[in-house]
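Heads up, the thing below is written out as structure tokens.
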Amino acid sequence: MESPAWDATKNDSLPPTLTPAVPPYVKLGLTTVYTIFYLLLFAFVYVQLWLVLHYKHKRFSYQTVFLFLCLLWASLRAVLFSFYFRNFVEANRLGAFTFWLLYCFPVCLQFFTLTLMNLYFARVIYKAKSKYLPELIKYRLPLYLAFLVISLLFLVVNLTCAILVKTDYAETKVIVSIRVAINDTLFVLCAVSLSVCLYKISKMSLAGVYLESKGSSVCQVTCIGVTVILLYTSRACYNLVVLSLSDSRYSSFDYDWYNVSDQADLKCKLGDAGYVVFGIILFIWELFPTSLVVYFFRVRNSAQDMTNPGMVPGFNPRSYFFDNPRRYDSDDDLAWNITPQSLQGSFGPDYFDWGNRNSFGSQTGSLQRDST
């Protein structure tokens with residue numbers, strides 16, 4: 001668990017700014033705690049994916065994609081911290097691909113979950129407005145392509161920088177600066193986009209009815225979304241601020257790497273105190289927001305959703321959605337009376353699915369038959 005001695009003849013990079021200052025039992029205890037937390041999250045997500053099969057939900061949906069990304073993220077973080085039980089030196093001398101996989105790729109997975117949250121809440125808005133704005137359907141494909149391109153850009157930048165930073169002739173400071181600038185700018189932009197979606201949802205009572213029919217609520221969505229936005233934005237802003245500081249300034253942070261909240265790739269090795277701070281920051285800025293996302297997309301029993309206490313007794317989710325008196329609480333919902341035959345999409349009964357295309361006319365017809 002001790003940091004190896006510095007040998008200036010073997011490495012031209014800057015020497016560590018820290019000396020071992022944390023007792024070995026403290027580091028061992030923290031490593032155990034970190035690993036247990038990640039393993040617990042891994043086990044919980046694994047159970048959720050099995051429940052998808054048990055309750056016969058759709059196997060390819062927003063829910064399953066989110067859960068799979070979180071499962072992969074938790075497994076990579078657990079493997080990384082397991083190195084620090086006996087292989088502390090190996091954890092700081094990884095090859096280019098292994099370094100990218102354990103240190104960089106989990107950050108990419110978190111960005112992917114943020115983009116998927118944007119797409120999911122944008123879909124909720126589309127569902128609520130597609131009745132009187134059917135032309136919105138033509139913007140769905142460009143929106144998906146835009147977020148796909150952004151995600152690929154994020155992935156390529158991280159992979160390229162991770163490979164370059166491991167080369168002997170690389171300008172590590174420049175490479176890390178470019179990566180941090182691009183990554184955190186994209187994080188901030190996606191966070192702003194998500195905040196706009198949440199604001200629109202909070203102003204549309206019909207979107208709230210849809211979320212309630214899925215076992216959630218506008219209040220729950222807003223709380224989780226705002227928390228994730230604040231955590232990711234604060235992390236990105238911190239990284240950008242540190243990026244703007246001079247060498248003398250960020251050395252005074254007493255961290256043995258440059259981008260303390262992201263990856264340990266500017267200086268040669270993590271120091272003892274730096275390792276402690278690294279784990280704590282990952283817990284606050286990674287484990288906590290990821291756990292919130294997992295909680296929101298957890299698997300619910302379809303039978304329990306049908307008897308949700310928020311539903312009007314005697315109505316199923318579909319009739320509750322169309323008959324709910326709160327749908328006229330806002331100007332957006334009043335517009336649903338304008339063109340009752342123009343709806344091109346509707347809220348399907350499948351949980352967190354990619355989309356159903358049942359017509360509004362068929363649903364209103366069935367409701368009229370039920371009323372007669």
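Using N, Cα and C of the backbone, Cβ positions are placed for all residues, glycine too.
Considering the side of the membrane named for each residue in Swiss-Prot, Arg86 and Ser244 coincide.
In summary, of the candidate residues Asn183, Asn259, the record from Swiss-Prot lists N-linked glycosylation site for Asn259, whereas the others have no such entry there.
Where the transmembrane segment (33-53) meets the stretches 94-114, 145-165, 174-194, 223-243, 277-297, the count of C-beta pairs under 8 angstroms peaks at 277-297.
Of the candidate ranges 65-85, 174-194, 223-243, 223-243 has the most C-beta pairs within less than 8 angstroms of the transmembrane segment (277-297). On the 0 to 100 pLDDT scale, the topological domain 'Lumenal' (166-173) averages 72 in the predicted structure. Residues 96-97, 99-100, 103-105, 107-108, 111-112, 115, 118-119, 172, 175-176, 178-179, 182-183, 186, 190, 263, 265 of the same chain sit 6 or more residues outside the transmembrane segment (145-165) yet have a Cβ under 8 Å from a Cβ within it. DSSP labels the residues of the topological domain 'Cytoplasmic' (54-64) in these numbers: 4 helix, 0 strand, 7 coil.
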